[in-house]
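Chemist: If you scroll down you'll find the structure; I have some questions about it.
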Amino acid sequence: LTLPLLSVTLLVSFGSSTLYGYNLAVVNSPAVHIKAFYNTTWTQRYGHGLAPGPLTLLYSLTVSIFALGGLVGSLLVGVLVDRYGRNGTLSRSTFLVLLAGGLMGFSRKLGSLEMVIIGRSITGLHSGRCCLGVVPLYLGEIAPKNLRGFLGLVPSIFICLGVFFAQVLGLPELLGKDRFWPLFLSIVVIPASLQLLLLHCYPESPRYLLIERNDVCGATKALRWFLGTPDVQDVIEEMKKEQQSLSSVKMVSVWQLLRDRSVRWQTLSVVVVNAGMQLSGIDAIWFYTNTIFKNAGIPVSQIPYTTVGTGAIEVVSGLIGCFTIEKLGRRPLIITGFCTMGICSAGITVSLLMQITVPWMRYVAVTCVIGIIAGFCMGPAGVPFLMTAELFTQSHRPAAYIVGGSLNWLCNFTVGFIFPFLQMSTGAFCYLVFCGVCLMVALYIYLIIPETKNKTFMEISRVFA
């Protein structure tokens with residue numbers, strides 16, 4: 001692992017993936033303050049406040065509009081990376097975060113709840129383009145095959161760090177007060193600005209330069225810089241073989257990918273793992289952690305600190321997954337993660353049903369929440385994006401990221417918007433839905449998806465064929 005490889009991985013992960021995790025959790029602790037702002041603004045405009053139902057609907061839209069923006073952003077990945085490259089797309093997309101931060105930061109001063117909602121949608125647009133699209137694509141292409149798993153999971157650690165930062169800054173002693181919530185939402189401009197300043201110092205993806213732009217000289221120079229050695233001929237030859245095999249195949253569209261029978265199982269696998277990742281219930285845990293702990297009977301004064309504790313466990317779990325993936329492989333991590341999440345989802349249902357008669361069951365509920373988060377961060381948080389890069393050759397990869405990213409965000413929106421109403425209608429039994437999804441996805445991976453550790457992209461394609 002060279003310093004250039006490590007530095008670019010840390011930069012794009014901090015400048016993009018951290019924002020995704022932060023925006024997932026940032027609406028959790030200031031929920032009461034944002035709802036109060038919505039109610040006050042509505043009263044000033046129309047002379048009456050919002051009823052509980054419409055207020056819940058408006059706040060659910062604020063939470064879930066992030067995912068709708070992400071859906072739109074993911075649909076643009078293929079066009080943008082083809083036109084501007086991986087590095088160029090990341091640089092240009094950073095301006096979206098600066099715009100979103102400004103809108104959310106000045107929303108209360110200008111008395112506009114629409115600015116909060118629009119700002120959330122723009123941060124989602126950035127995350128759809130970069131965090132779940134270009135970042136894993138870029139890192140998957142610059143990483144040597146023996147480090148692809150490690151570098152591919154580094155962004156998932158920064159997603160967990162983003163969640164943790166949001167939980168810590170949301171404490172009452174920091175930015176959890178009513179007057180600070182606009183600053184709390186807009187602080188995303190800091191990592192984005194750092195990425196914008198430094199990213200131009202790093203070269204474009206060598207694989208993109210050679211295979212898509214036929215720039216052998218540029219690819220060789222970039223490889224030497226990333227790998228820290230002048231001897232890169234073996235890697236260049238491997239890329240040229242892939243280029244020759246794709247010489248009669250242009251970059252495929254999403255429609256062509258879906259109709260291509262030669263990659264049918266790869267496409268289905270991307271659909272299953274990306275949809276399963278969001279329908280596992282992790283977004284419900286992140287968006288509504290405080291509500292879940294309150295329903296479990298945790299004292300209100302202790303909930304912020306309990307939430308921060310779960311964030312610390314997320315980071316530790318992400319580190320365990322990152323440093324063991326090259327030894328254990330992709331399949332064991334993601335199968336174990338989904339199984340753990342499924343079992344813990346069932347555990348939450350049991351603990352919530354029994355907490356009235358058995359008071360200590362509230363701690364079982366907290367333990368199960370921690371188990372869901374730990375299981376997710378060890379495998380399902382990062383491996384699906386890594387798999388999307390590994391299961392396809394260069395011609396199909398951008399289209400595959402569009403399919404996976406679109407499903408990811410669509411399911412994210414569905415869970416974020418529906419969960420409060422699902423919880424009101426079914427109570428504790430809503431977690432059994434997530435349990436069933438997790439166990440079915442784990443079974444599919446066990447039966448269908450092969451291990452891809454230490455294989456080239458061409459070797460993986462031959463395994464599926």
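Backbone N, Cα and C atoms are what each Cβ position is placed from, and that goes for glycine too.
When I checked TrEMBL for this same protein, it listed these features:
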- 9-453: domain 'Major facilitator superfamily (MFS) profile' (DOMAIN)
- 57-81: transmembrane segment (TRANSMEM)
- 150-168: transmembrane segment (TRANSMEM)
- 180-199: transmembrane segment (TRANSMEM)
- 333-354: transmembrane segment (TRANSMEM)
- 360-387: transmembrane segment (TRANSMEM)
- 399-422: transmembrane segment (TRANSMEM)
- 428-449: transmembrane segment (TRANSMEM)
Chemist: State the residues, same chain only, that lie 6 or more residues beyond the ends of the transmembrane segment (57-81) and have a CB under 8 A from a CB inside it; answer 'none' if no residue qualifies.
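Modeler: Same-chain residues near the transmembrane segment (57-81) but 6 or more away: 23-24, 27, 31, 34-35, 38, 50, 89, 92-93, 113, 116-117, 120-130, 132-134, 137, 208, 251, 253-254, 287, 398-399, 401-402, 405-406, 408-410, 412-413, 416-417, 420-421.
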Chemist: Report the listed stretch (180-199, 333-354, 360-387, 399-422, 428-449) having the maximum count of Cβ pairs within less than 8 Å of the transmembrane segment (150-168).
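Modeler: Answer, by Cβ pair count: 360-387.
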Chemist: Same chain only, please: residues at least 6 beyond the ends of the transmembrane segment (180-199) with a C-beta under 8 Å from a C-beta of the stretch. Say none if there are none.
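Modeler: Contacts of the transmembrane segment (180-199) (Cβ under 8 Å, skipping residues fewer than 6 from its ends): 11-12, 14-16, 18-19, 22-23, 26, 30, 33-34, 37, 87, 90-91, 94-95, 97-98, 100-102, 104-109, 116, 119, 123, 126, 169-170, 174.
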Chemist: Six or more residues beyond either end and a Cβ under 8 Å away: which residues meet both conditions relative to the transmembrane segment (333-354)?
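Modeler: Beyond its ends, the transmembrane segment (333-354) has Cβ neighbours at 273, 276, 280-282, 292, 295-296, 321, 324-325, 361-362, 364-365, 367-369, 371-372, 374-376, 378-381, 383-384, 387, 427-429, 431-432, 434-439, 441-442, 445-446.
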Chemist: Would you mind giving the whole-number mean pLDDT across the domain 'Major facilitator superfamily (MFS) profile' (9-453)?
Modeler: 84
